[in-house]
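Following: one structure in structure tokens, then a few remarks.
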Amino acid sequence: MYSFRHWSEKTLDEMSEGDWRIFCAEFNINYKGARVPPPMRNWSESKLSAELLNGVQRAGYEKPSPIQMAAVPVGLEHRDLIGIAPTGSGKTAAFVLPMLMHVYNLMVESEKSIDDDDDQGPCSPYALVLAPTRAHVLQIEEETVKFSPYLGIKIFSILAGQPIDEQGSRLRQGHFQVVIASPCRLLDCLQRRYLVLNQCNYVVLDKADRMIDMGFKDQVTDILDSMPRLRNNNNMKPENLDGEDEEEVNGKQVYRTTQVFSATMPWAVERLARKYLRNPIVVRIGTEEEANEPPITQHVIMMKPSEKSSRLRILLDELEDNKTAIVFTNTKSDACTIAKFLGKDGYRVALLHWGMDGEQRRIILDGLKNNEHNVLVATDVAAYGIDVPHVAHVINYDMPGDIDTHANRIGRAVGEGGGISTTFLTLDDTDVFCDLKQMLIQRNCLVPPELAQA
């Protein structure tokens, strides 16, 4: 007779597809992708080494969190991964543990001891973790060193605020298998040849949404472009997973593992993942609505340049008193001109551009928070990493020259239930017509007839 036992009462071999569906539903684990390995119900099912499991126990991690349940088995199979989970959900250990197992296996394979420090050339790590800020780098280091000593793996964090030459000297003197850094600081070290990434084949982008939000997309892409996709530097890849498995089993080549972890999945992170990840598995904890950026209603209006100022006034007149609108321009001079004529028309306007120092920006942002101003005219300085409160409407007075900047701009709209963006489009913007049309279609927004023909 069939026994209707709960999954917690079954051995791993007894788990059916239905049991796994129930398990994932109970822990809000959602997957997308091909040939997804089952999650681990507890640490003993993780296939981590005995040394790492000892470290997990000593760290006080009694049960894995949902993102760890799902992401660790994926990482241990060297699959590319997009992990989307809220802040504080245990994402760091979810990528650190499989990364350390990967590095340890490479050390054993190469029979290279951590004491082989006679080579004073550039540091050449096996794994790299990128994070947006010094504080995040330190947080990842703190988590990593809970486990790395159990495998004899050496970690180095490249930190802003410390002398770069001093850090470069330490990188050259020690054989570090894992490097943790922010994009800008890492690029500095690469340019100075303090380290090279020719044998780095495990890469994690942590807090990817924050990195993009802070304007590090170009630095991240420069770093990824400089790295080999394969250990033998051959960028050709099979068109299916079966081909990859056959090549790895035969020892011909090993593909780089690239993983992206984020609290949300904005457009710019999606584009980055599509470009650099290979048949990724998507692990999302919670609903898709929780994981995605707030819904933004996009309006795109074709017009002549001479019509922009009058249309801008109409939109600002519809703004509620306790809400803020950001008006983006492409140049400082245009921002100054628009702020000046809006001020003369009686709007409570503030101006923000790259030429202002930190104190000036702080005063302006305080004025917005205190509701002294409800219209901010800005260059792209306001699109990256600046907290502007109560933004209900983003107005692109000028369409930016690339779709990623556009995505960052409209991402500032965070009204209740999602904000609104309006973009003034002219025939001078034809270079971005195709990308903009694709974004509007993907987000189920109305495509104007002029754009539909692009």
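Numbering starts at 1 and runs along the chain as it is shown here.
Backbone N, Cα and C atoms are what each Cβ position is placed from, and that goes for glycine too.
TrEMBL labels come from automatic prediction, so no person has curated them.
Source: prediction; values computed, not measured.
As given in TrEMBL:
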DOMAIN    41-69  domain 'DEAD-box RNA helicase Q'
MOTIF     41-69  motif 'Q motif'
DOMAIN    72-283  domain 'Helicase ATP-binding'
REGION    228-249  region 'Disordered'
DOMAIN    311-454  domain 'Helicase C-terminal'
Surrounding residues of the domain 'DEAD-box RNA helicase Q' (41-69) on its own chain - C-beta under 8 Å, 6+ positions past either end: 7-8, 12, 23, 27-29, 76, 83, 85, 89-91, 93-94, 97, 100-101, 104, 146-147, 149-151, 283, 285
Whole-number mean of pLDDT values that fall within the domain 'Helicase C-terminal' (311-454): 87
For the domain 'Helicase C-terminal' (311-454), the number of residues DSSP places in helix, strand and coil: 64 helix, 25 strand, 55 coil
Per-state residue totals over the motif 'Q motif' (41-69) - DSSP helix, strand, coil: 16 helix, 0 strand, 13 coil
